[in-house]
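Read the structure below first, then the notes.
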């Protein structure tokens, strides 16, 4: 991978991470409204906040699209330059004799393999350096959450980073009395049966507009039947359906709590990460610290 192409990939990933963070902030605002607005006034609250959401969404999308286009031009330029260099190298290796030609191609192939190996090793060193750099954003986030958990005599229980992480983390908190499939079904059915309470706060990711009835039905179907990532609407639905308080700890900002009316002794505790995994937002479960771990 050329330096130019590598740089564009890194920058693009940073842009998309920032874009996801902005979307997460909008979801947080919507969810906060959904928890504080009284029943019957959901649509009124949505009508007030919707123009702001649409404006922010449009601005963010325009900025990211513009920057991606610029990065694409740089990437194409770098690829063309690399291709031209490769063509020149192949022209230099042309020979008349078949025997000599075979030997020349073999040496060229070895050089290409060596170069590819060097690139792979360089990228691994970059990844390892980032992993070992305690001041990078990823590790700072992990350290903050670890400190928050230790103050509660808890530690992280790692959940596989995929679209099922929210449901798998809750299943672990329920001591596996439920599983991912059953929790998805519970969330989907609660969303469908309480459409008026949830629909104003679940928007189309492409337009920022409120979902149509058909799109809302499809959204609920995906919650149940696909590994679609779960967020605050699903957390709120599960809290109400299970009659459990759900508290989400995060490195930045205040903790997010759903179902505060339910007893604390049956509460579910999760940790939320924005940067810890390459796939983006992620939920983990927690468990008690052992005596030895508490002394570390």
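Each residue, glycine too, has its Cβ placed from N, Cα and C.
The stretch that TrEMBL tags with region 'Disordered', taken from the ranges 75-126, 127-178, is 75-126. Each residue in the domain 'OTU' (154-289) gets a DSSP state, and the totals come to 57 helix, 33 strand, 46 coil.
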